[in-house]
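Engineer: Just dropping this structure here.
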Amino acid sequence: MLNLGYFKRKAFAINDENIVQSKYTPAIPAFDEPYKPNRQNITDGQTTHNDDWAKYYADINKVNVRKNRLNLENCSWNNHQAIRQRELFDPLSLRRKIHYSGDTFLNLFSTNERYRYRILNADGDPTPPFSCEYNHVKRDGKLLAVADEDGKISILETDKDAYVEHETPRKSFYAHRNAVIDVKWSMDDELLLTASGDRTARLFDTETSECIATMAGHDMTLKCANFHPSNKNLIVTGSKDGMIKLWDTRVCGARNSDTEMAYTAIKTIPYAHDDDRTKKKRRLLNTKSKPQPLERSVTAALFLPHKENIIASSGSYDGKIKFWDCRAGRDAQCVESSAYDGDSVRPRGILNMIIDNAGTRLFALCSDHHIYERNITDIRSSQQRYTNTDFLTGSGFYVQMSISPDDRYLLTGSKDKTAFVWQVGRPQDCHQFTGHDAEVSAVDWCKRDIGQLATCSDDFTVAIWNQDFSEDGY
């Protein structure tokens, strides 16, 4: 005879914990009346026997109730966010990747004058923004740091529209006496890192806006600066002088003032993107009375997320991507290098380089108007090439890229007043964001809200793009 109690106990053992259907719906128990062998109901924390089981189920219920209240109160509904939360947080039995129309999702983005910020210098004249980045944690990731040509950093609160600034002015401070080329937040949002045309990188306290460290040693304009992914004391910079420098703020430096320390690099990679022919020519030129520099700029330098002793770099001349082993106790060594595999006869330089949030794919924006996708485990050949007949990168090396927090969309600026978005893995699908009156240089995607992104332009404005569900939604 079939023993229903046995199967009920087996099923309950497998589905012991509550199943949460999505981030936006209440928890649904596996059974309406859970099977409770040999124990009484829990009342005010008192049980007659089997106390361990009682406490276990009491804790489970409290956690689920608290989680569901937070989910229902703090989250606004839209289908894309629901799908994403299901993929990330549901039990493995319910979790699966769902493909939806990228055009439908991207068509929901829009901007207007209420979300367009003008960047002004100290005299009130407009100045172009050069770089921008969203923060990671505070204010739900809605703080956008914008660096401009005048050496100023502005912090925009993108959860509010630009009209609020008439009542509460934005936070801003002067970081350098020359243009700020790059700006980055530390992972805990306590520090801001800047790279400037004055040949220095600086660290600022985000609460007080005070400079707490200056890193000097490059001979020309800095092109990039990045934090180590798990240690904010380690910083890497790249410059037009062709050098990559590694810095450690734990190493004792000289004090410039009561709050500021001056640091020297702990490791330097000279001529990082010179080929053999260039090195030979450099030696011949240096035999003259006055050495003559050959520009082979480093356009990007960043740490690999899962191999944190490895630095990836790109150059303005050779189109190569190089991996450098920077372990302590020895000189940095190039352990892997990619060759330019575009259609041009002459190698083209790389303008910008990013790594996706999973740390598995690398994207390089090239001056031949293509974006090359490479696998981190094998960078020698590209996996995909993204381009469009209207896509122009220009030759100023100021156009930047960003990737959406779910790694589905690749965003970049362009010379033709437009921001371009591709679905990752689908280079034939391209979407254009129009609305600027000049070249779109810096871009960034909000790290905590896939429904918001920012574009900076030489028309002296920063545009915030939000998804609009006011009509039909999807």
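Using N, Cα and C of the backbone, Cβ positions are placed for all residues, glycine too.
When I checked TrEMBL for this same protein, it listed these features:
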type	residues	note
REPEAT	173-214	repeat 'WD'
REPEAT	215-250	repeat 'WD'
REPEAT	401-424	repeat 'WD'
REPEAT	433-466	repeat 'WD'
Engineer: For the repeat 'WD' (433-466), what are the same-chain contacts with Cβ under 8 Å, counting residues 6+ beyond its ends?
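Structural biologist: Beyond its ends, the repeat 'WD' (433-466) has Cβ neighbours at 78, 80-81, 84, 108-111, 115-120, 126-136, 140-142, 144, 146, 156, 158, 394, 396, 398-406, 409, 411-421.
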Engineer: Do any residues of this chain, six or more beyond the ends of the repeat 'WD' (173-214), have a C-beta under 8 angstroms from a C-beta of it, and if so which?
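Structural biologist: Beyond its ends, the repeat 'WD' (173-214) has Cβ neighbours at 122, 130-138, 143, 145-153, 220-227, 229-230, 232, 235, 237, 239, 247, 249, 253, 256, 259-263, 398.
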Engineer: With DSSP as the reference, give the number of residues of the repeat 'WD' (401-424) in helix, strand and coil.
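Structural biologist: DSSP classes over the repeat 'WD' (401-424) add up to 0 helix, 14 strand, 10 coil.
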Engineer: Count up the helix, strand and coil residues in the repeat 'WD' (173-214) according to DSSP, in that order.
Structural biologist: 0 helix, 24 strand, 18 coil
Engineer: Mind tallying the repeat 'WD' (215-250) by DSSP state, helix then strand then coil?
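Structural biologist: The repeat 'WD' (215-250) comes out at 0 helix, 19 strand, 17 coil.
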Engineer: Go ahead and report the DSSP secondary structure tallies for the repeat 'WD' (433-466): helix first, then strand, then coil.
Structural biologist: 0 helix, 20 strand, 14 coil
